[in-house]
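A.B. asks: Below you will find the structure I want to go over with you.
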Amino acid sequence: MTKTTTCVYHFLVLNWYIFLNYHIPQIGRNEEKLREFHDGGRSKYLTLLNLLLQAIFFGVACLDDVLKRVIGRKDIKFVTSFRDLLFTTMAFPISTFVFLVFWTLFHYDRSLVYPKGLDDFFPAWVNHAMHTSIFPFSLFETILRPHNYPSKKLGLTLLGAFNFAYIIRILWRYVQTGNWVYPVFDSLSPLGIIIFFSAAYILVAGIYLFGEKINHWKWGAIAKPQMKKN
């Protein structure tokens, strides 16, 4: 894709995610059956957090595209570095994780993650917008342009910090209300929940490393700026 086409693509995807972030929280806002869905805000659902994260990433990517055309590549290194860090450590791993875990649980027993009653309020296209299209958008981004990956230590630490923060959010929600964010946790013992959270981090860390492999396969080694010695 040309630079102009890439810029237009990022702009269109950004607007798609802006629309989803506005539209989905409005669905069934006054419906009693969806009170639990709306109570507590979007931060309790990884799916909705991911949509917000994707909007932020594509916003930064769009800004990076525009600034490169206006003031040049060398003058916006911070924006480009932030774009790459955001994509490699969060946007790609988390969107892929949501896609894989949701559809695995959905096909095993949808009541564990997306009860059938939600179909009365969320059309199929909304479900796929939240849980399906997020993956091809992220995968396409990996082959659209090279991304400079941080060190594995830094990348996995940042990903782990996000994972830990979200676990705290889930547990805090349970302490406050006595209800789990996702029905799957109702069927697990305390040990099972610990194993689930541990397996989730192992999976998302594996996705991070897989994304790094794809980046290397498509673009080869990307030289990192050398740190100046004092």
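Here the Cβ of each residue, glycine as well, is placed from N, Cα and C on the backbone.
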A.B. asks: Taking the topology from Swiss-Prot, would ASP39 and ILE214 be on the same side of the membrane?
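C.D. replies: Membrane side for ASP39 and ILE214, as annotated in Swiss-Prot: different.
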A.B. asks: Is the number of Cβ-Cβ pairs under 8 Å between the transmembrane segment (155-175) and the transmembrane segment (86-106) three or more, considering only pairs separated by 6 or more positions?
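C.D. replies: Since 3 or more Cβ pairs under 8 Å link them, the transmembrane segment (155-175) and the transmembrane segment (86-106) do come into contact.
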A.B. asks: Go through the chain and flag residues at least 6 beyond the ends of the topological domain 'Cytoplasmic' (1-7) whose CB is under 8 A from any CB in it; none is fine as an answer.
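C.D. replies: Answer is 62, 65-66, 68-69, 144-145.
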A.B. asks: Would you kindly list the residues that approach the transmembrane segment (121-141) from elsewhere in its chain, counting only those six or more residues past its ends and only Cβ-Cβ distances under 8 Å?
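C.D. replies: Cβ under 8 Å, 6 or more out: 13, 20, 23-24, 27-28, 31, 33-34, 47-48, 50-51, 54, 61, 87, 91-92, 95-96, 98-99, 102-103, 106, 114, 214.
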A.B. asks: Would you count the other CB atoms within 10 A of the CB of THR47 (site 'Important for catalytic activity'), including those on all shown protein chains?
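C.D. replies: Around THR47 (site 'Important for catalytic activity'), other Cβ atoms within 10 Å: 18.
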A.B. asks: Any idea what the Cα distance is from THR47 (site 'Important for catalytic activity') over to HIS131 (site 'Important for catalytic activity'), rounded to a whole Å?
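C.D. replies: That separation, Cα to Cα, works out to 7 Å.
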A.B. asks: For the topological domain 'Extracellular' (176-190), what are the DSSP-based totals of helix, strand and coil residues?
C.D. replies: 8 helix, 0 strand, 7 coil
